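Working notes, beginning with the structure itself.
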Amino acid sequence: MEFAVFAERADEIESTSADLDIVSLVRDLFRVSAEDLDTVARFVQGRVVPAHESTTLDIGPSLCYEAIARAAGHNVSADDVESRVAAVGDVGDVAAEYDFGGQQGLGAFGDGGGSADLTVGEVESELRDLAAAAGSGSQDRKLDLLFGLFNRCEPAEARYLARIVLSEMRIGVGEGTVRDAITEAFDVPLRAVERALQVTNDYGLVATVARDDGESGLDDLRLEVGRPVQAMLAQAGTVTDAVDSWESVAVETKYDGARVQVHYDGDAVSLYSRNMEDVTDPLPEIVAFVEESLAVPAILDGEVVAVDDAGDPLPFQEVLRRFRRKHDVAKTKEEVEVQLWAFDCLHADGEDLLDTPLEDRHDRLTEILDSGVSALAVTDDADEVAEVEAEALDAGHEGIMLKDPDSTYSPGRRGKEWLKRKPDVETLDCVVTGAEWGEGRRAEFLGTFELSVGAGPDSFETIGKVATGITDEQLADLTDLLEPHVLAEDGKDVTIDPAVVFEVGYEEIQTSPTYSSGYALRFPRYLDVRDDKDPESADTLERVERLADGE
Amino acid sequence: MFNAIVSADTLRATLDSVSVLVDECKIHLTDEGIEIRAVDPANVGMVDLRLDAAAFESYETDGGIIGVNLSRLEEFAGMADAGQLIQLELDEETRKLHVQIDGLEGTLALIDPDSIRQEPDLPDLDLPATVVLEGKDIDRAVTAADMVSDHIALGVETDDEVFYVDAEGDTDDVHFELGRDDLIDLVAGDAHSLFSLDYLKDMNKAIPKDAEIEMELGEEFPVKMHFDIAEGDGTVTYMLAPRIQSD
């Protein structure tokens, strides 16, 4: 396909506003794209390479302006182009203002005759050459290549070349448009196209397969080790949501790290970030770990966490330092230690597991990975969820993820199957009126604190117990703080004189016969001691009633 | 098989004259010496280079083509002092070039020649005017033009037997001319062509200031510039396509 034809179609699409009309135009374009279909399917989205390739053009606006200036001819500078873009607002429109082609090619003087019209295939291959340029002098080489392309452009072509190069296509074509256009163009089911896109992450490939091999061809597309797919994402949600929606809940630690997709072909390991950027080189110890611990070729989903010398997790920013580090990896490696926690398995030993239930995928993960598997607890008991959360927080992690144990893995989807436990909706300042001595290594500490709210002068009514959100260190401090106020002990149960106020987070307030206030906090979590408050200024039953009514 | 010893100066002059246009090139190894032909990505500027076996201290090959990253090889060559000798030896097994400079040894990974841009056919041009001048005069013309413009016109006035250079900027302009007496030689013929200074500046960097440059010109035709390197045991030809003169 000639690039001029592509530009003409793109222009038509750009001047159309109704979504359905745009889909029809893209469909028609796909039908006439012939051998350039895969490239066209990307160009309409302003992409040169498939999303799963780590290749980037790495062309900033200034390089593009420079190339336009050079092609534009006599005494046009990059500054001139830049100020036109500032005035006009779109690099494509500015590129289309100039009269390119002033520079002749040597080909025009040889025996081969004049240079032929630019084709979509040529633009693609030149831009790929450009992306491949690296090292010293590569900016000059990119400039030369880009100048060469602009020099061969008619104004309409220049408009879209400039936009493709800067990934600002702006013709109203999104991923959904391309998906629908493929479906319509080649008469294949939308579901098959969606699935094929999920496993390949390659619009060009899916369009070509849909055309050449139809629905069965699409169904045959599989995950491929070394070709990253989009990560499945989570919504914010509550334990209540999870318990109410599913028969049981799969609970796992939510790590404060960076998402990685691990690809192992039995020989080499590749690591990809959530944006499908190749992060293999910055993380050599994860590569070594996977080589050593993973038994078969596989694709895993996981989180890379930075840890301190004691093995405790460090904030997310520390991992980012490693991700961004291109040079001196060895030096940063010494500064920031990272480890992998794998929590899902998309592919194992030749078998795609996307349609396999989560619990079974996790079993498979445990079979093939020696260590570094994030534990998955499946339960229908909300208290057990709270326990897992307490452990996760205690170990210094961010919190918990709640997942439907029967759910499949849907790349790129932010569905209701995965929930990250939403931070507490509200907080209450409650008076501590009781506690229990702990067990095991916590035997010397008070834990499981009884919470109460004010119900009149010197009168308190219980509303719940809090045991989660407290580290060992904090337990020791709280025990020191509360022990002087102990009124009575009965076995492990302790009665405490109202004196200390806790700030407590919770998901919701329910009516409950269990506590004397008639209400209970669901999933209460210890946040802090309110040193500045005495029991009289803590929250009251009246407020609790108002909050409960409000919900 | 390729095993050669060459002076650092000669190797650097060779590499520099190609690297002003491209980053990677194919080097053809023949009994007579090495040959390089390359065109820039926009197909506007071309270099055609030959370095005879006589330019080397020793030279052995049974032929072949190697692909080279020029800036990497230039860095290696840069490690040698001006008069030092550099030994280049191809390791057929690893497809690496073994480089030795006195006690310094290194290996340079080669590039698959098939991945390098196709070499152009050399257009066969019969240009009416030939000007022979010193490299420093080209430098002067290019530097002057660069003060005011990004384009440069090169031409010959047949009647006056004058070679001239014109550069027009938005506000300022430059005119520079050399008569028969200022030139080493002149075959007069009507010629006038406009060129991009970007390319000519790059080529100028590799043109020795004290060398004799034979420049061939035509009416809106490419310019060809020939000069010798390695004391006559090598030649370089540049060819640059013109810009269309809009006015």
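Cβ atoms here come from the backbone N, Cα and C positions, even for glycine.
Residues annotated as ATP binding site in TrEMBL: A:GLU252, A:ARG259, A:ARG274, A:GLU303, A:PHE343, A:ARG414, A:LYS420. When other Cβ atoms within 10 Å of the Cβ of A:ARG274 (ATP binding site) are tallied across all protein chains shown, the result is 14.
The secondary structure of A:LYS254 (active site, N6-AMP-lysine intermediate), as reduced to three states from DSSP, is extended strand. Under 8 Å, Cβ to Cβ, and six or more positions away along its own chain, A:LYS254 (active site, N6-AMP-lysine intermediate) finds A:ALA392, A:HIS397, A:GLU398, A:GLY399, A:ILE400, A:MET401, A:LYS420, A:ARG421. Residues or ranges marked as active site, N6-AMP-lysine intermediate by TrEMBL: A:LYS254.
Residues annotated as domain 'ATP-dependent DNA ligase family profile' in TrEMBL: A:331-455.
Counting residues per DSSP class in helix, strand and coil order gives 13 helix, 1 strand, 6 coil for the region 'Disordered' (A:532-551). Residues or ranges marked as region 'Disordered' by TrEMBL: A:532-551.
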Among A:ARG259, A:ARG414, A:LYS420 [binding-site residues], residue with fewest other Cβ within 10 Å:
A:ARG414
For A:PHE343 (ATP binding site), what is the tally of other C-beta atoms lying within 10 angstroms of its C-beta?
25
Let's see if you can do this one: DSSP helix, strand and coil counts over the domain 'ATP-dependent DNA ligase family profile' (A:331-455), in that order.
32 helix, 53 strand, 40 coil
Taking A:GLU252, A:ARG259, A:ARG274, A:GLU303, A:PHE343, A:ARG414, A:LYS420 as the record's ATP-binding set, what's the max Cα pairwise distance in Å, rounded to a whole number?
19
Specify the secondary structure state of A:ARG274 (ATP binding site) as given by DSSP, simplified to three classes.
coil
